[in-house]
2 protein chains.
Amino acid sequence: MEGYGLFLVLLVSALLLGFLSVLFALVWVFHYREGLSWDGGSAEFNWHPVLIITGFIFIQGIAIIVYRLPWTWKCSKLLIKFIHAGLNTLAMILAIVSLVAVFDFHNAKNIPNMYSLHSWIGLTAVIFYTLQLVLGFAVFLLPFAPVSLRASLMPIHIYSGLLIFATVIATALMGFTEKLIFALKTAPAYSTSPPEAIFVNTLGLLIVIFGALILWMATRPHWKRPPEQNSKIQQPNGGTPEGTEEESTMTDCSNTDKSDVEFNSEAAARKRNLKLDEVGQRSTM
Amino acid sequence: MEGYGLFLVLLVSALLLGFLSVLFALVWVFHYREGLSWDGGSAEFNWHPVLIITGFIFIQGIAIIVYRLPWTWKCSKLLIKFIHAGLNTLAMILAIVSLVAVFDFHNAKNIPNMYSLHSWIGLTAVIFYTLQLVLGFAVFLLPFAPVSLRASLMPIHIYSGLLIFATVIATALMGFTEKLIFALKTAPAYSTSPPEAIFVNTLGLLIVIFGALILWMATRPHWKRPPEQNSKIQQPNGGTPEGTEEESTMTDCSNTDKSDVEFNSEAAARKRNLKLDEVGQRSTM
């Protein structure tokens, strides 16, 4: 893999930032706020930032770059697809639970739902994320979709995924803004920069940098997973568009012989891979 | 150009959304707020959303896709670079004036500066945007930078540009959230969804869709500007990395002979263009 060292540095940085963001969310709700509970009060609301940051930001970010991890390139594409879909499903479940927490809290406190820009864009993001997951499952995981459909939908799948991820981060930033203004209404007011304000502003920055690292790793063409070696549907130029090759029957990473073949032929795979970029057919993930 | 019809539809949609966003900003400040003035009051603050939406979102968006307009492909690359840099400079000036308006308003009203996440991320975006502009000017417009430096910085320039653009939109969404909460504190409160709240939430959606269209157009490989035909520095494969070719001496679009040659050889240029994508050296803009 070209630039393997840099990739590792960025990956470790992203993981650290992701863990740190989850840790910051927990410190926020336990140290500065009312902790976590499911009682219709503020402690129920607090599940919202914790689950969104854990699932909809951190886990979604990892799901986006899972194809890029070079040590998974010896595993079958199908296995990685399952991991990608599984992580995204987990993120979706956590996002939905976090929405239930907010609606429950609002209803218990007689606060209207869905009035803010944060809620409009946030709910739109959850709906599109769910659609993306269902469509991705039907087209790329189930074996029924024709090759041409997979090839034509892949660029849209990638673009939508990255756009939704960026939109979720933007929505989280709006959420921090709302919560800090509402929670720090009187002394200490948000405008006097009390420790909680500085702390949550810093959390916002951490999440932006995490997102920037994920988007950089996900869009570098030379860090793409090479296409499968045992593809049955060959293109005229010898390559196979991503998402269009026949799946390997191997679903684990223990087949050393195959792994060796795949790793040894990485350079050749990379060349084909790059040719496929020409028609914009290959996944970047 | 492949998919010319779709490109035109998206371009016209983006332009309409951009104009509509500016119009919405004007209706917001004139119909729902105190209008525009430079007196330290709310009407001075109102320059902030108007100038950010006009300059930092709409004009920056157009600056990003200016290389993609196929009818500019007969113009010299240098001319388009000047237009790209000029539009970005205009956007930067408007953004800085809009910051002055806010600081002036805060100081007149004894409101602290730089306490919110919106201000932290917004100021960071303006600083990075200015750095990007200065670096871009020094490396890609001035004729001193070596070819290798241009080629290695181009992917970073493109990524940073798109990241800053997305960050500016996220910051605007935070700004709408702040302003609506502060301006609609008492009846009608933001949470009761008065017409102003619905109107500005809709403005937020318009800006997100505008950003999504710009990012889609800017990242489609088949809509890239083909490299110059009269390049003096040829690559072994016959192509020239974007930003590395010698500039044409023609700086207008009136040279019909050359234009014809360039248009007729568009298919050939596209082929080389795609080959260059293989090494990730070419600009997407």
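Placement of Cβ uses the backbone N, Cα and C atoms for every residue, glycine included.
Unlike curated entries, TrEMBL annotations are predicted automatically.
According to TrEMBL, the transmembrane segment annotation covers B:7-30 (among others). Packing against the transmembrane segment (B:7-30) from elsewhere in the chain are residues 1, 36, 43, 46, 49-50, 53-54, 57-58, 61-62, 65, 68-70, 196, 199-200, 202-203, 206-207, 209-210, 213-214, 216-217, 223: each is 6 or more residues past its ends and has a CB under 8 Å from a CB in it.
Residues or ranges marked as domain 'Cytochrome b561' by TrEMBL: B:13-219. Per-residue pLDDT, averaged over the domain 'Cytochrome b561' (B:13-219), rounds to 97.
Here TrEMBL flags B:50-70 (among others) as transmembrane segment.
Annotation comment: TrEMBL describes B:82-103 (among others) as transmembrane segment.
Sequence annotations record features per position, and here TrEMBL assigns transmembrane segment to B:123-144 (among others).
Positions annotated as transmembrane segment by TrEMBL: B:156-177 (among others).
The annotation transmembrane segment is assigned in TrEMBL to B:197-218 (among others).
Taken from TrEMBL, the feature region 'Disordered' applies to B:225-263.
Taken from TrEMBL, the feature compositional bias 'Polar residues' applies to B:228-237.
Among residues of the same chain six or more beyond the transmembrane segment (B:50-70), those with a C-beta under 8 A of the stretch's C-beta atoms are 1, 4, 7, 11, 14-15, 18-19, 21-22, 24-26, 29, 36, 80, 83-84, 87-88, 90-95, 97-98, 101, 129, 161-162, 165, 168-169, 172, 175, 203, 207, 210-211, 214, 217-218, 223-225, 283, 285.
Long-range contacts of the transmembrane segment (B:82-103) within its own chain (CB-CB distance under 8 A, at least 6 residues past either end) are made by residues 38, 44-52, 54-56, 59-60, 62-63, 66-67, 72, 113, 122-123, 126, 129-130, 133, 136-137, 141, 251, 285.
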